[in-house]
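Following: one structure in structure tokens, then a few remarks.
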Amino acid sequence: MAKIYKDEDISLEPIKNKTIAILGYGSQGRAWALNLRDSGLNVVVGLERQGDSWRRAIDDGFKPMYTKDAVAIADIIVFLVPDMVQKSLWLNSVKDFMKKGADLVFAHGFNIHFKIIEPPKDSDVYMIAPKSPGPIVRRSYEMGGGVPALVAVYQNVSGEALQKALAIAKGIGCARAGVIESTFKEETETDLFGEQVILVGGIMELIKASFETLVEEGYQPEVAYFETVNELKLIVDLIYEKGLTGMLRAVSDTAKYGGITVGKFIIDKSVRDKMKIVLERIRSGEFAREWIKEYERGMPTVFKELSELEGSTIETVGRKLREMMFRGMKQISSH
């Protein structure tokens, strides 16, 4: 079973007198910077240029610095920019400007696990991966709560890397919910697998296939949309709140029986075998190499798919129905 740490198990002492540089001020960067500061820690914000993020950091009471200047004074350097930006940031603005022995911290293991960034041998390298978007990390902290997180250690030169990772998790509020000890390998591979097989890839293709099947068989697109897209949120919310058995107990007996019997027919052994192929592509680094090439070419596959999807029937119908539903909700809220 996983090792889970709670707020009372963790001390801020290992990072109390450290300067923490948050690189990036987007969704996670802003949440981490504000939460760590509110926890009484010394935070600086490092950015590549003076833009919207720079102005927002100033509005939040920070004095942002250029990345090179921030890492030069930091004891702990936290990468909170997108995965595919981290390599160039590392090479151009961090590697040759950071203090010797400064810690390198990540919120996702991609660049370290696949050796895209190769850290100095004298640095502690660790990860804190909150299991929610940045705005929720911030909002839950302000309400006195927190979101769960994973922590992992890649290099432990000081002998205190785990304690520092846990302290940061406490500082951003995650320990209030619970912090699970993991590894860079486990976090990276499971995160990519989840995105590809269910959260983005799997669910999107299942939605499209079910919608298109109904429309091809003569059902009205608007009705098909409600049944295959709109009602999905109701089911996911039930699973989120009550688990799979709680969801099954909450739906009708007809839905229960149909879902239990037909679900196994749709997601059969052949689908599970494909999932194992996907997992092996991730483990071997094949997906990472493919994605890096795609990114370096300007993401033609991604933009082609987005363009085709945007003009599809499911999206055209969806835009119309969402406008209709939101208009109805606005009318209710105005009364």
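Including glycine, each Cβ sits where the backbone N, Cα and C put it.
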Need one residue: from Gly101, Gly109, Gly134, the one Swiss-Prot lists with Tyr25, Gly26, Ser27, Gln28, Arg49, Ser53, Asp83, Met84, Val85, Gln86 for NADP(+).
Gly134
Where does Glu231 (Mg(2+) 2 binding site) sit in DSSP terms: helix, strand, or coil?
coil
I'd like to know which of the binding-site residues Asp191, Glu195, Glu231 sit within 10 A of Gly134 (NADP(+) binding site) at the Cα level.
none
I need the CA-to-CA distance for Glu195 (Mg(2+) 1 binding site) versus Glu231 (Mg(2+) 2 binding site), whole Å please.
21
Here's one to test understanding: among the recorded positions His108, Asp191, Glu227, Glu231, whose C-alpha is closest in space to the C-alpha of Val85 (NADP(+) binding site)?
His108
When you put Asp83 (NADP(+) binding site) at the centre and draw a 10 Å sphere around its Cα, which of the recorded positions His108, Asp191, Glu227, Glu231 have their Cα inside it?
His108
Whole-number Å value for how far Arg49 (NADP(+) binding site) lies from Asp191 (Mg(2+) 1 binding site) (Cα to Cα):
30
